[in-house]
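Per TrEMBL, the features are as follows:
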BINDING   C83, C88, H165, H170  Zn(2+) binding site
REGION    212-233  region 'Disordered'
Amino acid sequence: MALNGFVEFFQKGKTFRPKKKFNPGTLRYSLHKQAQASLNSGINLRAVVKLPPGEEINDWIAVHVVDFFNRINLIYGTVAEYCLETSCPTMSGGPKFEYLWADGNKYKKPTPLPAPQYVSLLMDWIETQINNENLFPVSTDIPFPKTFQALCRKILTRLFRVFVHVYIHHFDRIVAIGAEPHVNTCYKHFYYFVREFDLVSPRELEPLQEMTSRICHDPSPSPEPGSQTSTTQ
């Protein structure tokens, strides 16, 4: 399916939470539009995630964290009515993986929770982080905190767990509504991005390893003239 259909799906679909938006006229709004235009053009997804020349990596990461938050909200929104405490009593990805919730406040220790409660708490927590201008500054005059990339790693790792749960426990619903190509494209975009900038550990990616090897076949972009090639997988 063409990538423009993917972009349209994520612009018009139902959201699990209100979408976080960038203010027009800001640098991050421009980067967001640039990223959307790249997706809409249908170019290689592995190339789409590369840091544009002259741009700051933290701005690029911030834009993608917010975009992935919005899209994964939408994906979960399509299965939320089927993800119930009775059907999904744990936040799991099959029998081998169970995710526990801790936020340092109400849940100080890792706690098993039903999947819908886990996802709801997760989305609330991420929304709080990205709306905190001390953590995600809205102006380029304000520097990112030193902990910014560590926070983004935590956010993206937890968002990946939503992919795990949806793919393993609710994929039949995704197929039934015809969303499989869109969800797969979103997953590939997410996967290439977090691998490009080492934002989710390989261990966390293990639950979807088999599926990833099946759908992620975009060739590596050709290196720029005079640049060194990397052997990192």
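Keep in mind that glycine also has a Cβ here, set from the backbone N, Cα and C atoms.
Annotations in TrEMBL come from automatic prediction, not curation.
Of the listed binding-site residues H165, H170, the Cβ environment within 10 Å is emptiest of other Cβ atoms at H170. Contacts of C83 (Zn(2+) binding site) defined by a Cβ separation under 8 A and a same-chain sequence distance of 6+ are given as Y76, A115, P116, V119, H165, H169, H170, in order along the sequence. Highlighted in sequence order, V79, Y82, S87, A115, P116, V119, V166, H169 have their Cβ within 8 Å of the centre of the Cβ atoms of C83, C88, H165, H170, the residues recorded for Zn(2+), and are not part of that set. Counting only same-chain residues at least 6 apart in sequence, those with a Cβ under 8 Å from the Cβ of C88 (Zn(2+) binding site) are P114, A115, P116, H165, H169.
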